[in-house]
Amino acid sequence: MKIYLVGGAVRDALLGLPVKDRDWVVVGSTPQEMLDAGYQQVGRDFPVFLHPQTHEEYALARTERKSGSGYTGFTCYAAPDVTLEDDLKRRDLTINALAQDDNGEIIDPYNGLGDLQNRLLRHVSPAFGEDPLRVLRVARFAARYAHLGFRIADETLALMREMTHAGELEHLTPERVWKETESALTTRNPQVFFQVLRDCGALRVLFPEIDALFGVPAPARWHPEIDTGIHTLMTLSMAAMLSPQVDVRFATLCHDLGKGLTPPELWPRHHGHGPAGVKLVEQLCQRLRVPNEIRDLARLVAEFHDLIHTFPMLNPKTIVKLFDSIDAWRKPQRVEQLALTSEADVRGRTGFESADYPQGRWLREAWEVAQSVPTKAVVEAGFKGVEIREELTRRRIAAVASWKEQRCPKPD
């Protein structure tokens, strides 16, 4: 029996990145030997075991053979005669097909070290094309390691295109698509994930609402980058700098979906694109089964981001109504989330990357003023039932009006 550290732990250690999870491959053993040694079996379809002390995963070396459609249609073979090289060959990328023995020696049968050095994401073998989930995984790796200068090998991108055009991605379940997307949204450069999907044709298949934005012009005066698809990826990049939250990043990604519905004869104007985009947000989220909390913020951002851009022109009543509309009294975090997504929208434009966004500050200040109006004082003043809410709203409007007079500049 020989045990090797494999995959991501080896890769990230070589890149000088923190190692989170360690996975091991066991060569020359059987399930019974593992159980006799005190390991606990957890894999139903293939033999994976938990170490009795560390609870890290130890898998018997195995091969996989395509036996059906999609990413689940595989038959596994695990036996003592399966070599380490056999096991590593079934992995997706060469940089993930590295192993380390107990002496610290690196085993590299597929030139993963060379590809690490050259910052290349390259598939190990043609078997890559049998698993459509790998298209999303490679896009996610491209986003995860973009800051280190990684790029996808030309032949791998070509294979991803072939898989997409062959309809392989249609076998992916919504849950898996969202899981990979959510993971990509946590990376330093989530926009790269969507750019890669576009480069291989997968964006049109999985995110048609986003793909439809490319080639749609916006007024050059406000959008020097002109193309709404490019603007969308720029805003996502900016959102990633402003917030680590998936909610904020996803909402930013979806903020301009309504522009994809504008008839070409009305271009480059997009009046009413915010409310129009709400239905597309709902459509996308329903299809991918996006969690409700993430979906709800994306809907609100689509509907209200342009309103926040015009904050100095809003009257106090409209400002308080905005807080009502986003349910800020019960979910105060939404004020900050809306401020960040709106800022990402403004700064996600060519030449505006370092622009100030005072509207975000004013939104936060107005919220602090509105929420500081005490409910208790209204009740103690003798108001009852529905009168309490009406009086509370009236006092909040008055407080915001007073603040606006002193702190928020009047529009020209």
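Glycine residues also receive a Cβ, built from the backbone N, Cα and C atoms like all the rest.
Taken from Swiss-Prot, the feature ATP binding site covers Gly8, Arg11, Arg91, Arg137, Arg140, and the record attributes it to sequence analysis. Residues annotated as CTP binding site in Swiss-Prot: Gly8, Arg11, Arg91, Arg137, Arg140. The annotation Mg(2+) binding site is assigned in Swiss-Prot to Asp21, Asp23. Look at Swiss-Prot and you will find 228-329 tagged as domain 'HD'.
In terms of DSSP helix, strand and coil, the domain 'HD' (228-329) has 78 helix, 0 strand, 24 coil. Considering only the binding-site residues Arg11, Arg91, Arg137, Arg140, no residue lies within 10 A of Asp23 (Mg(2+) binding site) on a C-alpha to C-alpha basis. For the pair Arg91 (ATP binding site) and Asp21 (Mg(2+) binding site), the C-alpha distance works out to 17 angstrom. Taking the Cβ of Arg11 (ATP binding site) as centre and 10 Å as the limit, one finds 21 other Cβ atoms among all the protein chains shown. Around Asp21 (Mg(2+) binding site), the same-chain residues at least 6 positions away in sequence with a Cβ under 8 Å from its Cβ are Gly8, Ala9, Glu56, Glu57.
Within its own chain, Arg140 (ATP binding site) has Glu180, Ser183, Ala184, Thr187, Phe193 as residues 6 or more apart in sequence whose C-beta sits under 8 angstroms from its own. Same-chain residues at least 6 positions away in sequence with a Cβ under 8 Å from that of Arg137 (ATP binding site) are, in sequence order, Asp92, Glu180.
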